[in-house]
Amino acid sequence: MSGQETVVQHPETNQIYAFVYDFSFWSFDELHPEFSSQESVYKIVGSPLLEKAFQGYNACLFAYGQTGSGKSYTMMGFGDEGIIPRFCQQLFASVANPEMQQVTYHIEMSYFEVYNERIHDLLTATSGKAQVKQSLRIREHPVYGPYVGWLELGNKQRATAATGMNEKSSRSHSVFTLVMTQTKTEFVEEEEHEHSVTSRVNLVDLAGSERCFTAQTSGERLKEGVSINKSLFTLGKVICALSEQSQSKKKIFVPYRESVLTWLLKDSIGGNSKTAMIATVSPSASNVEETLSTLRYAKRARQIINIAKVNEDSNAKLIRDLKAEIENLRAAQMSSQGIQSEKYKVSQKEIGALKLKLSQQEREMAEVQRRWREKLDQAEKRKLEEARELQKAGITFKVDNSLPNLVNLNEDPQISEMLLYMIKEGRTRVGKHKPNSTHDIQLSGALIADDHCIIQNLNSTVMIAPIGDAKTYVNGNLITDSTVLHHGDRVILGGDHYFKFNHPVEVQSGRRASCANALLRDGPKDFEFAKNELLQAQQARLEAEIEEAQLQAKREMMQGIQVAKEMAQKELSSQKSLYENKIKDLEKELEKEACKKKLQELNTKKAVSKMEELQDAKRQLEQKVELNRKRLQMETLAAKQALKDHNIHHAKFLAALEAEKRKMTEDLQKIQKERNKRLQTKSYSSDWSSMKLSMMIQEANTISKNLRKCTVFSRSVSPRNKSVQVRNTKLGISTYWSLEKFDFFRSKRMSGCLSEIRNTPLQNLQSAHPTGYLLNISRSICSAGAQSSLPAVCKELLGAAVDYLGRNHLSQETIPDRLLADLLTIQTSTCAIANAYEQLDDESQENLFTNNTEMQSHCIKITTNLERVAILMKLWVDKALPQGTCSEITDDELLGEVKTLGRNLQLLLKGCDSDISSMVTEAQNRISQTIRRVMKHVGHLATFTGVALHFEEQNLEDSLSYKVYHYYDTKMKQIEN
């Protein structure tokens, strides 16, 4: 920077960019010869604006730049006062100057912020959960000094917002406005007349301009960044339009209304105002793009030309006209004594009319002043009420140096030690901030109890006692009984409210001289000191909590293995008994066939005379008997082989379980070794993360309990992958969240986002009874989307039924043909629903069947076709397999497969309705396997009964039904041969 020129060299391309402004300030290095301090910046920028304000002009000052480039420091200052405090000091010093006493000054102040395109008043107290913001009220400051209290009030209000909402000051635009009215008294023909000049001063600290990927923002921070960039983008469009309008002298539309910020500051940006802009840039090479963008922004703003005028009331213009008229009359009277009497009378009448108009305006001004005085009285009453409310929130105007107090500690130095809570004589009650709460100190937070603790101040001795199980720490130690507080002690309430205790009487009496010496020796007791102190004191409790979580997880896993082992034993026993019963039935059938053969042989011997007639029948019967005998022998061998394979599979499964058990035992030993190793080398930072995670889990469980949700949060067991286990106690489902996802849901706890939790693992559903689970599925599967589109679906199905009756092949179609066609329809609709669910957007809040005619049609097709399959299967089995008939399959087995298909279809629709992707995938696989088994049984039964199969579909070689038909057609040909 040199004079008015600012030069930037790009670090990658070495290209040089030069910009010329009214002033360029170098404030990076204090040893630089052209270094500009806070005072020099104010003298060059702020002081001329104050002079224009005293002249009656509107004035405005913007601070624009990248986050962290020094906007707030330039405007407000930290340690070294910025433009706003210096501006107010010079303003009230000029008003208090004796030379200015002939003018009456009336000063009004407002201080508000624009956050997420909403205006928040920083000078009013809020109450209730809704945090309803009231309209701006007038603050009059007739003497020097009161502005300091209101300025500090605004900063403290921003501090309380940061404590409760986790915001930073750079996330909002702050607007500090002063309205100064100068009233002067003048005499016209020995009559007293007043006229005023009003000037408005806007001092604006804009939020930091930033890029989302550079700031690494997400969630609520991303929403804030979008709102900030929207305001700044609209401000840039307004400045661009005004600069073009100044150069082209044409009327150009200026989009003031696109943003709250530009609409509020419409006159200051391009209207009746003397406006200046301070553009702050970063000297870092990594921010060169943001620096160039800011400099181009300021270059555009420099081209805007405002036409400002003095803001005076109508009385001032009227008085000037009267004086001019009187002077003209006197001059005319002195120059010419021959003024006509009629002209003189007309002038007198005009003067009288002007005086009458002036008196009328004075009466109106008196009425207006009376109303202002009433409003000021009301404002003073509200001021007292708000002072009491603000005192509960830690914002105190009058400090009694004899009373002990609690001052807040925060990791942000601008917010730390901004809130002061006075400890009165007697009992001071601390509790949660609620509407109509009577607590003396009110705090917000999920871990703050309704009645948290009681602080007693008796004879200059202060004691703190928690109420119930409320978390209260003194010097890092969790207290359960009444504890005496001394000067400099650190008090932590609820885990996230840090305070430092001050006792002026104890310091003055010298009782804590040793503590003062320790303070000088150990350094300041700030937020980092209190945090490390809490970590050291609570380290043992955190280790015990982690170890207990690991042991609990180990016990749960061992119980799961034991249950799985018992289930495997039961399944093996049931399968074994089933195969044994089947073998016995086959043996009985063989015996029956042998008896029939012997009886047939006896009958042939007795009927020698009829041998020729029955020879053909005998040969056919013997062939059938031989075929059945071979088939039964083959099935017996297959059953024995299946039982053998099942025993081998079960043995392998038990061996795998034992290996998994040994592996888990080894993992537990490794975890214990790693935990012992970490105990020797862990640092305060990891302990703080564990403790913070523990507090966040407690806070999430408290919120879930308050919202009556069936969700329990616990620490993950795995030491390598730190995560949080989320378990739905109602459904018996659990899942794991990463720490980032858990922190994201925690930042949204004010809006009650626990209802958005999804538990996806399907394996945990095995603990529930499958039949009861499926029977509890809602009958209204298609009700979510069954609106005006449902009649259209029904109309389509009715038309298909009518068309089916008109087909020519109807007489040839058999029950197996209909069953196979319905099963293929169910398979097609199931695949369509599963594919549509996979393509459904994860962020979509709409149900799969909502307003989706195709999915509703598939859902109804599945229902109607399954119902028809169940009816036809029951009729066919009763007709084809009467009691006592020898068959390869039983009617209970075939009907059981159909029931299994129905349950799997219910599971599929339940998964789609509950948005559980693993349930949908598992159900689809089970449906496909069940349909294949049912088709196999249908083909087998068709072969047994001798029913022919017919197909209409093209490309039969690719269809599942054709494979069934081809397989059993081949088997029938083998049997006939």
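Each residue's number is its place along the chain shown, starting with 1.
Backbone N, Cα and C atoms are what each Cβ position is placed from, and that goes for glycine too.
Unlike curated records, TrEMBL annotations are generated automatically.
Annotated by TrEMBL as coiled coil, the relevant range among 144-193, 344-393 is 344-393. Note on Gly65 (ATP binding site): other Cβ atoms within 10 Å of its Cβ, all shown chains, come to 24.
Across the domain 'FHA' (428-479), DSSP helix (H, G, I), strand (E, B) and coil residues number 0 helix, 27 strand, 25 coil. In the shown protein chains, 17 other C-beta atoms lie within 10 A of the C-beta of Gly70 (ATP binding site). In the three-state DSSP reading, Gln66 (ATP binding site) counts as strand. In the three-state DSSP scheme, Lys71 (ATP binding site) is classed as helix.
Fewest other C-beta atoms within 10 Å: among the binding-site residues Gln66, Thr67, Ser69, that description fits Thr67.
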